[in-house]
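K.L.:
Before we start, here is the structure in question, set down as structure tokens.
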Amino acid sequence: MSKWETEEQDGLVTQQQKSYGSIRTTIPNSNSLTSDRSRGQQDLIDQEALDGQDEFYESDGYSVSIPSSYDERSLVDSLDEVPLSFVEEFSQILKSSIPLSITFFFEYLLAVSSLFVIGHLGSAELASASLAVMTFNITGMAVFEGMATCLDTYCSQAFGAGKLIKVGIYFQRCTLLLFFVSVPIMLFWVFSKSFLQFIVPQKDLLELTQLYLRVLCLGTPGLILFETGKRYLQAQKIFHASTYVLFFCLPLNIIMNYTFIGIWGFIGAPIAIVFTYWIMAGSLLAYVYFIDGSQCWGGFSPRAWKHWDNMLKLAIPGLVMIESEYLSFEILTVMASHFGIESLAAQSIISNIGSLVYQFPFAIASAISTRVAIYIGSGSIKSSKISVRISFLVALITGIIIASSILIFKRQFAILFSSDEEVLKLAVNSMPILAINQIPDTFNIISAAVLRSQGRQKVGSIFNVIAYYVIALPLAYILSFKYGFEISGLWMGLGAGILFLAVAEVVCVIRTNWKEVIEETQKREEDEYEYIIDDNSTIASSASSLIDY
């Protein structure tokens, strides 16, 4: 046996780390072929032996470092990932939902705060900014939020399974994927005037709209980092970090809006948003580094550049779920424009109130999605079922509270947006329909979250398309135009679609084969494992070829 072969064999001696069951294997890299091993850099591969199955973690010439104090399985168990009582689980969901509700409410205010300031510049500036924000939401925000929902499945299930480093790798992979997806989107924004002129009759608004969108391109990477980083932390049950960040960034954004618009005029608003997005991203990453969340970070991994096809299988249906809803509301606004300025203003008021109250059930749904996905990852069918039963109770309570609030304070809500009596009358007359819609909509929102936690985004996307584009919009058109219900008809049609969506998703969740869901989760992990084995086999083969050479 040659000297090199002896050394190679020595290099493959494994060291058992009992604290979390990992096996560290050392494979010489190309530098070691021409120099003494004591001086050559080593390629290290961490092999995780969890649940009797090997899991490899690869890095660029360095070992993936996990603090020895972390026992991955016990870490998850310590976070209440054992069957809880109904009351305990209900308490945990409420505890998680409060910071998330504040987070989503602040994000909503962040999106509309610039419009309040721009409104003082003139109606043309306000209309241009509103068109830019609408375009940004449909072509940008909905895409990023929709595709990022794949992390609700991947990160939370990996955390529940005790595979902490995978949480960080999935975060990196999704972030890189969204960076690439954002490139054609930003190209569309840069040349948006050329496209929008075919659907927007007011051509004089398009120059400012395009300028607004071009500036927002500079903040898009920061927004993506915040959206994926938020889910990376939520998967670890760290719900308050994004709340702290937005609690700091929201007033800062308002100050920057007033300051920058005062100095630069219209363009100051998107500049303020760009700064805010980057501050949000930087603050969230700083929270991970200095405070909490780094236990799932194993360093930058080349695996983040691979196997995007698997992630797209959940990201694209997630995109369809979110985008179909965003776009349907904008189509309702276009329909309302045919009934006159007052009707359009009333539709805008109702839509804004609907968007405002939507933040609360959506926050609760995010908390439920995380908990159910963690239970699925840990293989706990009993805990998953308890959490789902509680989610339906929470949906009912939340829907009743929101519906009652809209019915009782409908005029007070409307006055926040307009003082025109004709507009107020139209809005107030249609708001009882909005209120009634809240009860099925909360079931829809929370059931969709459970489907995401199960990795069944495809099912949700099919239901969404049917609900909005086969039922809601056609019925809204018939009721508003053919039967003369106008604004009320739009919301009755939408309500019918939402009712179908809620019933379909609730039935789908109730009839879940939990064993099959967990097996599908394990299959995704096995597919990832096989890819890693193939990658590492290629590395080993390359090293062996160089050795023979």
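For all residues, glycine too, the Cβ spot is worked out from N, Cα and C.
Look at TrEMBL and you will find 12-35 tagged as compositional bias 'Polar residues'. Annotation comment: TrEMBL describes 1-44 as region 'Disordered'. Annotation comment: TrEMBL describes 100-121, 127-148, 169-191, 211-229, 241-261, 267-290, 356-378, 390-409, 463-485, 491-514 as transmembrane segment.
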K.L.:
In terms of Cβ proximity under 8 Å, which residues at least six beyond the ends of the transmembrane segment (169-191) contact it?
P.N.:
135-136, 139-140, 143-144, 147-148, 150-151, 154-155, 158, 210, 213-214, 216-217, 220-221, 224-225, 227-229, 231-232, 296, 298, 300-301, 303-305, 307-308, 311-312, 315
K.L.:
Under an 8 Å Cβ to Cβ limit, what residues of the same chain, 6 or more beyond the ends of the transmembrane segment (356-378), are close to it?
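P.N.:
Tertiary neighbours of the transmembrane segment (356-378) are 76, 79, 81, 89, 92-93, 96-97, 100-101, 103-105, 107-108, 152-153, 156-162, 234-235, 237, 239, 384, 387-388, 390-391, 394-395, 398-399, 402, 405-406, 438, 441-442, 445-446, 448-450, 452-454, 514, 517-518, 521.
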K.L.:
What same-chain residues lie close to the transmembrane segment (127-148): Cβ under 8 Å, and 6 or more beyond its ends?
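P.N.:
Result: 111, 114-115, 118, 174, 177-178, 181-182, 185, 188-189, 192, 196, 200, 202, 205-209, 212-213, 216, 220, 223-224, 227-228, 231, 266, 269-270, 315-316, 318-323, 326-327, 330.
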